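Feature list (source: TrEMBL):
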ACT_SITE  547  active site, phosphoserine intermediate
BINDING   473, 474, 475, 476, 477, 478, 479, 480  ATP binding site
DOMAIN    21-234  domain 'Tr-type G'
Ligand SMILES: Nc1ncnc2c1ncn2[C@@H]1O[C@H](COP(=O)(O)OS(=O)(=O)O)[C@@H](OP(=O)(O)O)[C@H]1O
Ligand SMILES: Nc1ncnc2c1ncn2[C@@H]1O[C@H](COP(=O)(O)OP(=O)(O)O)[C@@H](O)[C@H]1O
């Protein structure tokens, strides 16, 4: 939306941002009754943003109705014109202070505002927090302060309005000043000023009021003038997300839009997450410029088409940067997001993440916090409902190039999709994995060797794709029994099935690990890495591991990526304990084993597994039928005979 009071009133609109006049976006948060519209009307008037003609017209209307003129009428009248289809947008009002162009972003309601801010539809550099002098700091004021904290708005001026209603009494003001300053400080927000005003009567807005001689701080306009604009995109480090790679003649042209920073011919660049490097050879333009007039540099906002000095394979989704300041190649992100879909977002929910030009499958590893934007209260629930805000760990199926939002707002923002529709938007608060610290293989002088066979050749022989079936459940639930039966059946059909049993790998590769949470997580990680390697070689890998932690399993899922099947072998504890084939439950009950899953260590059942097998109700052959049907349905089998369930060998 773009307010155009000027257009509607035939006055020349303000320039977007004159070179010497920084543009600052501010938001006014506060209850409507606290005088928000009045303050906005007053600010517009005192900065010359309202044509006299418009003012006279409104004053005449007020007089006709026998009402005193109210500044808030102005906004109502602008809104009414908008409703009639005239080009007015009350959500982006512009005016000028001594040295700044100000864009006022409206906050119609918490939910809309949070959504706009978090999804990037609106970005506030600073805020005015409005308090009614007669009411003082209320719950709602605190919620507004919290909202600013949530959005990371660091520059805040507090405006204590309606001072006329408290006879401009200094003690009233000082008490409010002390209370709100302390509250904001607790949230890590410092108020640059706390200003006593009467928006209706004009005190403290553009002129220091004669009725507040005890106040020596800035006026509202001076406070606005002191706000710093966000750093201009051109001043940030180079980020050029690759949109496409074209082949013309023998040349490869890498195309995209420079989001931030600038790019020069002859400069060394890095592609993330692949870590590949090259030097910019040319910047292409159409039509081809005469010799000697080729472009040699581009800045933020420009569409870029470049060629490189060497042949490297790069793809859409990678981000070009300089070697000194590259984005992270990350798989685990802490994200603050706004959720729009009907189905709540919770641990395990699969989503598609879109970040700049990249797209990756992901799921929620952990829900850290849920906030109801209506009350701005945090909830203990670990699911984020429609129109709620939350902080989650997103686990991606592969590394993507990303920056924390505080470092680069363009590459620190993402959209989430479910079922092909936008389901949420978020800000990247931090990068959780070590991908950033771990250089790409090339940088460590490691060149992974690929298999001599193609996946088509393997599918030709085995009749199926590679896949990982991860059986999780209590000790004695029947994981190994099921895995072995499926292994035999697939083998019998000519498939390539490989069993990785937790117990077995603990005898060798994982013999250094015990049963602490950290050791189990590491055990599961190694199993996942091995399973993933074998999957890449076309095997159907059957992993049988207790794997009791949802977070560790989320990591496993991220390591394996596609064709991963989490299967919960859900046998009740009492049944497992009655079976107790290894006598371990008896030992655990006798205190001879500490931290035994189900006895004195937790088992977190999967919230969204691909399959649940109630293994106290089915015989193993029936369980194997269901596993096979799951793989068949997912399209893992390519030859009909590999998919036919005949129970052979069981
Ligand atoms: N404290 C404790 N808790 C759970 N299980 C224990 C423990 N100590 C030994 N065992 C035996 O080890 C097997 C579990 O190993 P895993 O590698 O599958 O476990 S984990 O995924 O790392 O949690 C498990 O095997 P299964 O019975 O086949 O599940 C047990 O036999
Ligand atoms: N579907 C089933 N019905 C009855 N008993 C079963 C079934 N599956 C496994 N069992 C028995 O349960 C016990 C534990 O099975 P096992 O596969 O070793 O479990 P886990 O690998 O999960 O520890 C074994 O004695 C096994 O024979």
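The backbone N, Cα and C atoms fix where each Cβ goes, and this holds for glycine too.
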Measure from the Cβ of residue 473 (ATP binding site) and count the other Cβ atoms within 10 Å, all protein chains considered.
28
Enter the number of other CB atoms within 10 angstroms of the CB of residue 476 (ATP binding site).
24
Within 8 Å of the centroid of the Cβ atoms of 473, 474, 475, 476, 477, 478, 479, 480, which other residues of that chain place their own Cβ, given that this set defines the recorded ATP site?
544, 546, 569, 571, 576, 615
Listed in sequence order, the binding-site residues from 473, 474, 475, 477, 478 whose CB sits under 6 Å from ligand 1 are 475
For ligand 2, the recorded positions of 474, 479, 547 whose CB is under 6 Å from one of its atoms are 479
Below 8 Å Cβ to Cβ and six or more residues apart, same chain only. Which residues does that give for residue 478 (ATP binding site)?
569, 571, 613, 615, 620, 623
Using a 10 Å cut-off on CB atoms, tell me which of the recorded positions 475, 480, 547 is the least crowded.
480
Residue 547 (active site, phosphoserine intermediate) versus binding-site residues 473, 475, 479 - nearest by Cα
473
Reading the DSSP string in three states, the entry for residue 480 (ATP binding site) is helix
Take the Cβ of residue 477 (ATP binding site) and count every other Cβ within 10 Å, whichever protein chain it belongs to.
27
How many neighbouring Cβ atoms, not counting its own, are there within 10 Å of the Cβ of residue 474 (ATP binding site)?
25
Which three-state DSSP class does residue 475 (ATP binding site) fall into?
coil
Among all protein chains shown, how many Cβ atoms are found within 10 Å of the Cβ of residue 479 (ATP binding site), not counting that one?
29
Averaged across the domain 'Tr-type G' (21-234), what pLDDT does the model get? Just tell me the whole number, please.
81
